[in-house]
């Protein structure tokens, strides 16, 4: 019966875990892809959007330690199911502002400020909903992985994990693709007449139908909870029982005293009071493991770089390479994420095929990390020429001159027009230059309506061309120069290859972590890893990345009430050096720490080899 139970239930658990990884990653990726849309919808700066994005990790922080420790001793599959229900509720809460605050009507008023009617405080629902998502996601990884590792053979665990993560990585791919699709659909589709909207999805003021995605992701997560209600509390081990000492091959003598299994730590039913009493001693035993502690620090630094990158990469592609938000999201989903999926399964296959131990797994992970870092350094120096915007990136005569002062938007050519410097309704002149508004371009007349409107007799355009040439302008920013497409393709190719190589080291690094932890502390160890890495690696990066990116803003939008809104245009070079420089610095530090960790692993292995030789000699002498 036991064998039949494993044969029937273990595949069900693997399928359920793969689906729930897909569902949570689907929701998480969609949240990341909607960052720009949410920022524009509520007219908030990047630093605040970083706080909203970090609320997921805040939710994790509230319950992760207790869920990981007490959950490991309770019915793990059912706790995962409850977590999925909470995640689904969180997704539905995020979509509520759309139904509570009414339409976001963009009204173009000639020679007046373009305003956006948006509830300034409605972003709190997004914050709270995302926090609920974080609370609900808490039990999935620590309880699910420990449940899997408890019943699977040691040599099968890397492959199972790679398969689950590979299916899971399909979630972000679909999440980003859905984000790209919905970013092209106007936010109030079905509620307003779309013919009245005078901008398209390429405009920096456009807001996509972000709320629809959260209804879809909430439904998928809700469905993923169903299988876990029918799984048993635990499963028998595949194959014969193995000696637990094998997983402790890297423990020092002092650590072995704490980690070797004994009667006190054998699995048995315990009261809540007994479990609570053992919580602090278990934490002490866990963090005395120097390998585990050093790995947590290494992961922490790397995750800081990754979280900052994934949160603001769509904005980076939009500002540096002139891509629309929807296209940037689509490319990440269709190119980078499949490369990550292939890298994860490749890393797991290499471990299984060559039967690599902890040292071998560490070598694979370090090599992948170093190669990906080298490609990242090359990406820092790839860029396009900045967009030519009169008064912000160039003078009205076309001379490059970055200005953070709004007064430079005024020139002799528009001095008598009584223009507002707060206005951002960009128009593209036939000379290839963008002007912040028709008024600031000195335009006298207009023809056409809606998106087809054309402005004529623009006096500022004549400062670069002769009056006899075309002095008209059309709505929207000008496209980047043709060489930008070639540079962008090179950047994306390097990014995809780097994603694949980096992902190849993911599963091996995870195995190094798993194999340094005692059986009864595994769920707690994974939970504490999640707690520390997500608290210090998930919450701060979007906030400090966003705050630093805000410092590179050249033109801020303005809310209806007069306050500062979302950024419309960035200093491209300052943005690139800030964004890519910060990521590169964090990954450099992470690689340095990996080097120290590998050195410690090798030293530990040598000591244990000498100890084993001494034991063998002692046995021979006794004989």
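Positions of Cβ are set from backbone N, Cα and C atoms, glycine also.
Of the given residue ranges 291-312, 401-422, 423-444, 445-466, TrEMBL assigns the label transmembrane segment to 291-312. Which of 256-279, 328-351, 472-495 counts as transmembrane segment depends on TrEMBL, and there it is 328-351. Matching 133-157, 358-382, 508-532 against TrEMBL, the residues noted as transmembrane segment span 358-382.
Of the candidate ranges 555-576, 577-598, TrEMBL annotates residues 577-598 with the feature transmembrane segment. Model confidence over the domain 'Major facilitator superfamily (MFS) profile' (13-607) is summarised by a mean pLDDT of 82. Listed stretches 51-72, 79-100, 159-187, 328-351, 577-598 were compared with the transmembrane segment (291-312); the greatest number of C-beta pairs under 8 angstroms is found for 577-598. The transmembrane segment (328-351) is not in contact with the transmembrane segment (207-231), judged by fewer than 3 CB-CB distances under 8 Å for residue pairs 6 or more apart in sequence. With respect to Cβ pairs under 8 Å, the transmembrane segment (12-31) is most closely packed against 207-231, considering the stretches 51-72, 207-231, 358-382, 577-598. The transmembrane segment (358-382) shares the most Cβ pairs under 8 Å with 577-598, out of the stretches 51-72, 79-100, 577-598. Of the two recorded stretches, the transmembrane segment (79-100) does not lie close to the transmembrane segment (577-598), with fewer than three CB pairs under 8 Å once pairs fewer than 6 apart in sequence are set aside. Residue counts of the domain 'Kazal-like' (407-462) by helix, strand and coil are 16 helix, 11 strand, 29 coil (DSSP-based).
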